[in-house]
Structures are given as C-alpha cells and as structure tokens.
C-alpha cells in the first residue's frame, strides 16, 4: 500500500541543503508541508515525484528520530577505523616496551662493568650500612638511656616498637615515591631526614622528644633498602646482577660490626661525656649516636656526585638525560680499562609513552605556587596509589603472594630469634647471678661503719642501729622488714636496690640516690634527706652490657662466610635454590637451640643460624628487584620490606614473651616459619637469566 503522505507532494532542495515540500494540487508554490494535510486516495501519486531518483527521496524514519541506514554504516565504519588505529598504537607501544629492556641490556653490556659501578657500589653500600647501624642503635643505647631518662619498662618497649613501625612506614612510602620522583632524589631525601633527626636526638633530654626524633629518623632510613637495591640493579647487566647485589648485602653486616664495635668502645666510658650549659648532658651513649651518623653522612656526600638511574629516566621519557648518563658510564669504564678511544655508539633509545605531558599541563594551568605544589603532590600521590593497585594485576598477583609469604616467614624467624638470643643470654646471666645471692636473716649490726660495697644480697628482718654507710655502692640488694635506727647514709650509689616493709627511725640520708622510689611500704619516723640525687643515674659498670656488645659483634661477623658463598654461587646455581636451601638449612639449625644450656652454646648457635640464613636474605633481595618491571620495582620492594618490618614487630613481641618460660615454643615457631617459607620459595620463578622488564 502506498504512503498517503507521499501523495501530491513535491520535494525540492534549497541552497542550504534542506528540503521543502509543496502541494501540486493546491496551485501554491512553496506551501509548507502540514502534518494534518488530508489524505489522498491510495492510488494517487504526485506527478513531480513520479520520475524522481530514489536517493533524493525523503527517508521515512527521519521524523521518528531513527537514523538512516547509511548513517549507521558510516558510524560503524568510523568505529572500526578508530579501533584499528588504537590497536596499531597499542601494538606499537607494546613493541617499544618490549624492545626497551632488550635494548637497555645491550647498552649496559656495551658500557661494561667497571669503575663507575664500583664507585656507585661503595656509595650505596654506605647508605645500606647506615640502615644496618640504625637497626642496632636503639638496642645498644636503651640500657643507658632508660637510666638517664628514667624510662619505665613499658616506655622502654615503646621505643623499639615505634622505631620499627617508622621503618615499616618509611619503606612503604619511599619505595613508592622512588618510582615517581627518581631513585637518587629519594635516597638523598631519606639520608637527609635520617641525619637531621638522628643528630637532634643526641641532644634530646626528655624521653617524649627523644622518642619523636627517633621515629622520624626511622621513617627516613626505612626507605633506604628498597631504593638502594632498585638503584644499583639498574646499573648492572644481567650476568653481574646476582653476584654484585650479594656483595652489596655485605654492607648491612658492616653496619652491624660498626655499631657493635663503636658501642663497645664508647658507651661504657662515662668520662667521654660533656655538658652544654646546665640543662644538656651529653653522656657517652649520646656520643655513640653521633658517631653512628658517619656512614649516612658519607653516603649522602658521595650520592651528590652520582647520576640518576638511566632506566628510570627512560621509563619517564627523559631520553636525552638517560643518554648522557649512559655515555658517562661507558666513558668512565672504558677509560679506566685503558681504552679511551672507544666511542658510545648508541644514538636512539626507544622510550615508552607516559603521562608526564598531562602532568606538566595540569601544573602549568594552575595559578599560584601553592596551588601548583598541591596539584603536583596530589597527582604524584594518585600515581603512587595507582602503581600499588597495579601490583594486583593477574600476571603479578601469584608471584607477589609467594614473595610476601617468603619475606614474612624469613623475617619472622630471623628477627624473632634475633630478639630471643640476647634476651636468653641476659636471662641466663640473671639466673646465674640469682644463684649466687647471699641471704642474711635476722642479723643485728650496731655501731658499724660500712665502707665496702654491698652486692647481690638479701637482708631479712635485720636490725641496724647507729651504723654508718659512707662512700659505698649498693648493687642488687634488698632489705626486707628491717629496722634502721640512728643510721647515717652518705655518698651512697645504688643500683637495683630496694627497701621493703622497713622502719626508718632518726636516720639521715646525705647526697645519696636513695629516694622515694627505693622505699616500698616503709614507715618513716624522723628521717632526713639532704641533697638527694633525685631521678635516675647512669651506671657504666654493668657487665651485661659488655656481653651484649660482644654477642652482637660476633653475630654480625658470622654472616661473612654466608655472604661470600651466596655471592659466588648466586649466578651459578640460581636464586631459588639459594633461598630454599638456606631457609631449610636454617630450620635444621633451630633444633640445635634445644641444646643451648649455657651462654657459650647460645652464642655458638646464634652465629651458625645467622651464617646460614644470610644467603636466603641475599637471594630474596635479588629476586625481588628482578621480578618486577622498572616502573613498579621500588613500589613492590618497599611493600615487601614493609612486610618484613611488620613480621619483625610481631615476632619480637611473641618470642620475648616466652623468655624464662619455655624454649620449645619459640624454636618450634621459628622452625615452622622457615620450613613453610623455604617450600614456598621453591615455587618462585627463576630470574637468573631474566632481562629487567
């Protein structure tokens, strides 16, 4: 049936390309078409449209908003063209990204391994050494600091906890930032923060301020490990990575040796301290913190003369800067080898597309300097968070989960036993000391001059009448339910000495440190305190401190053979066998701890455990930087190192809780963690012949 709307309608094209419709039967040219025009007979047809071309006819669905089939075809054709264009661009970008690792590896092989890498090796080694020193500082200064600042047992534990929390946060933050700001720049920030706040902590007289400064210092130095390994990896060719990253791990051992040796030589010497005015007392433990800044200071000075990672620059489309640095590496190495005539022949390096142009455009459109700074930092934060989220991509998810398990298990057992060893030695010393205590019961001493020290004694229900205690030291002595009448105490120094349920009558205390906290439930009758030495006072004659320094020194030295062996065999037998074998061998060493019935045995098994387990640390740090692409390497390593610090926090609290109760539970926990981590490590992909992606 014919459409009634087409009857007696003449279709004409205007100059602008629009159609007008006129009625033939009405005799009026240009009469506008009306939708209510009366319908014609079904057979009627317009003479004007009878011979018209079909293409010039009106599309019936136009008035109903339905697109013309030709328009649909055109839109589909344009969409296919756009899709093909995007696919070609994606393929080209993927090809460039795939070619960059291979081209970069070829360039590093052409540059060779020589003087430049060794200079960078020592500079970054000093930064790693600074991290190792900071790991020992708190443990060494705490025995002296708790007496100098009157720190309670609860606050004493808070210091070690907060420092590890700060290092955990620092690893997460700086690991992510170094992928966006640059390895060198972030490492300079990290060392500067550590230097400034560690230096200020030397002069902090209050515990709260000291705690805050050490937290800030830990936040800075906590980012050093992820940055150092990421930075150095990108200057190494494939066949040198495993060996030289393992050699770099030795500087953490040097940090432990340096801290132990300097603590041993400085802290026990009270005479090395000095005063600044009347309010700042610089005791020897504060000088020790000052000396511990030297590795970080040396690393910071050396880092000023080192360039940025060229791989980072290429990932951020900074081609010219990367080319100049690579030429510097090439010329430095070959001149040192006696071949200065060798020319750096690389002229073009493919770089992947980045979002830097958009980032700069956003900055330039913003008005004030503060607004530009805000936009810059917020954009960088968004990029870091996006980088973290990208680690959950399917191709990275499995290997990331395996690495998290291995890092956690190794850190849990290593740091847990690291706390257990010295605490166990202290407990054995305490038990030995307690076994030699002398007990005096109901003794009566009258008109006697005590001019000799009282050490490790218990006096119960004694009576002391008209006695004089002058120029003596009272160490680890307890008076229980005793009577002191008409006695005189002068120039008395006390350590771990208490009076419980005693009666003090007509007694004078002159220039002593016997104050209210020393008397528990005592009855005072006409007792006089003249020139008391209130607060806490240092005692540098503690024998236990010397033993702990020696234990830490020997434990740090014991990892030397393991470091050497792992460095020599890392590229020969592979990372996976090193990690798995070391962790499983370390688990076997934990059973020997059941035989630790003396201090010497504990020290011996500690050295054996550290020497065996260090190879697993080296292999784990090498594989962690090789598994992830350059744009995510620092972020991933920072997360893994943060998990390591988290495991250390948990392990130290758990293992310390069982000191003096049982050895079986800590040993079993360490054994189970090492076996679990070792078995999981064997599932990791081998990266010995992997080009950095």
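Every residue number used here counts from 1 along the chain in the order it is shown.
Glycine too: its Cβ is placed from the backbone N, Cα and C atoms.
Nobody curates TrEMBL annotations by hand; they come from automatic prediction.
TrEMBL lists transmembrane segment for one of the ranges 522-545, 546-569, namely 546-569. The recorded stretches the transmembrane segment (546-569) and the transmembrane segment (157-174) do not share 3+ CB pairs below 8 A when only pairs 6 or more apart in sequence are counted, and are therefore not in contact.
Scored by C-beta pairs under 8 angstroms, the transmembrane segment (635-658) has its highest count with 212-232, from the stretches 212-232, 244-267, 287-306, 603-623, 664-684.
If you look at the transmembrane segment (212-232), the same-chain residues 6 or more away from its ends with a CB under 8 A from one of its CBs are 120-121, 124, 127-128, 130-131, 134, 138, 159, 162-171, 173-175, 177-178, 183-184, 186-187, 189-194, 197-198, 200-201, 204, 244-245, 248, 296, 309, 621, 624-625, 633-634, 637-638, 641, 645. Mean pLDDT for the domain 'Major facilitator superfamily (MFS) profile' (120-688) in the predicted structure: 84.
The transmembrane segment (400-421) shares the most Cβ pairs under 8 Å with 664-684, out of the stretches 118-145, 157-174, 186-206, 287-306, 664-684.
Sequence-distant contacts of the transmembrane segment (118-145) (same chain, six or more residues past either end, CB-CB distance under 8 Å): 151, 156, 159-160, 163, 167, 187, 190-191, 194, 198, 210, 214, 217-218, 221-222, 224-225, 228, 231-232, 235, 244, 247-256, 258-260, 263, 267, 283-285, 288-289, 292, 295-296, 298-299, 302-303, 306, 422, 538, 540, 542, 544-545, 548-549, 552.
Here the transmembrane segment (576-597) sits apart from the transmembrane segment (287-306); fewer than 3 CB pairs are under 8 Å, leaving out pairs fewer than 6 apart in sequence.
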